[in-house]
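Engineer: So TrEMBL says this about it:
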| type | residues | note |
| --- | --- | --- |
| TRANSMEM | 12-28 | transmembrane segment |
| DOMAIN | 15-147 | domain 'EamA' |
| TRANSMEM | 40-62 | transmembrane segment |
| TRANSMEM | 83-100 | transmembrane segment |
| TRANSMEM | 106-124 | transmembrane segment |
| TRANSMEM | 131-147 | transmembrane segment |
| TRANSMEM | 153-174 | transmembrane segment |
| DOMAIN | 157-281 | domain 'EamA' |
| TRANSMEM | 186-206 | transmembrane segment |
| TRANSMEM | 212-232 | transmembrane segment |
| TRANSMEM | 244-264 | transmembrane segment |
| TRANSMEM | 270-287 | transmembrane segment |
């Protein structure tokens, strides 16, 4: 009898790992294009392009199959709040990329899982252990090392990725809450649609005609964002979150490589130490959460499979859908 993942599929860890690696490559590519385009166009226009192309592509892929189900939600208020957090994340982070190196900005943004841990106490009434609190504090120490006085990053611009991390943390909390009622496809489409409407209303004040090359890159923003989300969702259908969580931090490495290849930037020793500390802190939180869960036997997996929340077209999804589906803000 083969083990089943929380999605009901037979676990295929290597396939899940491969999918998440492809997802973080797309997310890093998205951020690289955002940084490049932010040097030519207003931030609002870059973010607008990301959400409009994302929404149009999702509508083309899921609209014919799901119909109005792609936008049907039981909690419209929370979905709008989640979308606003996501657009705040995008604006803060894209603005930060204009002034900061790609790898360092990405590392600071990876404080989000630690912020989720801290916010889960007042917002989700979850218990956070002492080792988890130590990991949270250590992660913030890693940020202080990156932006230490005397470094080139010790500027007000570093507040932008910090603001992005806070907004992204709240976004992940709302994603966790909504995962019990709405499908990931619905949540991602609504977020893209709401943010497309908001950014389109602002576009007349910031519009600059893009070149054909830049227009293609703007479409690429949405393609990378949507593709990353789809691959990430599929990854968690084949392997458990505890196994895949460490690989998400590979995005910092990808960002460092792309920053060097496309922008010629090499992080200094202090930044490398800080990035390592942030990554290890996030991994420590994931490890503690894994230890807190009791081992799931085959029989218990069967019980969990029978208690999944059904949704359109006979598919199903676990009650505890991972908040990591939104890593590519």
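Any Cβ shown, glycine's included, is placed from N, Cα and C.
Could you place these features in context, so I can see how deep they sit and what lies close by?
Structural biologist: For the transmembrane segment (12-28), same-chain residues at least 6 beyond its ends with a Cβ under 8 Å from one of its own Cβ atoms are 106, 224-225, 227-229, 231-232, 234-239, 243-244, 247-248, 250-251, 254-255, 258, 327-328.
Residues of the same chain lying 6 or more positions beyond the ends of the transmembrane segment (83-100) and with a Cβ under 8 Å from any Cβ of it are 31, 34-35, 38-39, 43-44, 46-47, 50-51, 108-109, 153, 155, 157-158, 160-161, 163-164, 167-168, 170-171, 174, 190-191, 194-195, 198-199, 326, 329.
Tertiary neighbourhood of the transmembrane segment (131-147): same-chain residues 104, 107-108, 111, 114, 117-118, 153-154, 158, 162, 270-271, 273-278, 280-282, 284-285, 288-289, selected by CB-CB distance under 8 Å and a gap of 6+ residues from either end.
Sequence-distant contacts of the transmembrane segment (153-174) (same chain, at least 6 residues past either end, Cβ-Cβ under 8 Å): 78, 81-82, 85-86, 88-90, 92-93, 95-96, 99-101, 104-105, 108-116, 118-120, 123-124, 143, 146-147, 271, 323-324, 326, 329.
Over the domain 'EamA' (157-281), the average per-residue pLDDT in this prediction is 90.
Residues 42, 44-45, 47-48, 51-52, 54-55, 58-59, 62, 69-73, 79-80, 82-84, 86-87, 90, 175, 178-179, 226, 229, 325 of the same chain, all 6+ positions outside the transmembrane segment (186-206), place their C-beta atoms under 8 angstroms from a C-beta of that stretch.
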Engineer: Tell me the residue counts in helix, strand and coil for the domain 'EamA' (157-281), as DSSP assigns them.
Structural biologist: 106 helix, 0 strand, 19 coil
Engineer: Out of 212-232, 244-264, 270-287, which stretch touches the transmembrane segment (106-124) the most, going by CB pairs under 8 Å?
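Structural biologist: Looking at each of 212-232, 244-264, 270-287 in turn, the most contacts to the transmembrane segment (106-124) are made by 270-287.
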